[in-house]
Amino acid sequence: MGKYSNYQPVRVRLHVVALKAFLLGVVLTASLGVMLFIRDSNTLLFRVALYTLLNSIFHLLEFFMTALCNTLEVDDDSFILNDIELYVVYIASVLEGALKTIDWAYSIKLRTSFLMAGLSIIILGQICRSLAMYTAGVSFHHYIQKEASDKRPLVHWGIYKYMRHPSYFGYFWWFVGGQIMLQNPVLCVVGIYKLHQFFKNRISYEEEFLVAFYGKQYEIYRENTPTRIPYIK
């Protein structure tokens, strides 16, 4: 049975998991259908459908990677669909995109170059985040851990050898790629500022516990390994 013997059914409401997975599958399929119907990648509806599809994949991968790599901690919230801020970002992204269809609003022609650049950055961000979850295994959590545990070793190999908090790095660039793909200059700038402040504060807070857990070992790791998020040491 291996690591899957750690699965705790009491933590997982299977009907909630099934419902969330089903709804994400419906949204993903509908988005793909819209893209196949429209075909023209330089239309707003195509871009929104693609952005919606990528969001669905993101949430499905959050659950899948948690179930695969940290079975003990998986629950029906591992899709991270209960985060209100993510809905706000999605709605704001679509609304700014919709402004491009209104004559009196700022007019930006959708270009394939932005689509390809944004999509490439999203894929890079998603790979980094999923790889971070896979590499960390039982040490990865969606929420800051405030109590030490012998089951959570300090991970400093793989992608963690090259950057601290690669899951944050991954989501930061996932967001940026999405706004580039949609060609949303306002939300891109505002979002980068807000995300930067959020991750700066979160990393500072989280690392207080990590230093308490791992002591000098983490201090040396922090000194020698950057986050690679711009202007966050």
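Residue 1 is the first one shown; counting continues down the chain.
Every residue gets a Cβ built from N, Cα and C, even glycine.
Annotated in TrEMBL:
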TRANSMEM  12-37  transmembrane segment
TRANSMEM  44-64  transmembrane segment
TRANSMEM  84-102  transmembrane segment
TRANSMEM  114-136  transmembrane segment
TRANSMEM  171-193  transmembrane segment
For this session: Tell me, please, if the transmembrane segment (114-136) and the transmembrane segment (44-64) are in contact, taking contact as 3+ Cβ pairs under 8 Å between residues separated by 6 or more positions?
Result: yes
For this session: Could you name the stretch, out of 12-37, 84-102, 171-193, with the greatest number of CB pairs under 8 A to the transmembrane segment (44-64)?
Result: 12-37
Exercise. Where else in the chain does the transmembrane segment (12-37) make close Cβ contacts, counting only residues six or more beyond its ends and a cut-off under 8 Å?
Worked result: 45-46, 49-50, 52-53, 56-57, 59-60, 63, 74-76, 79, 81
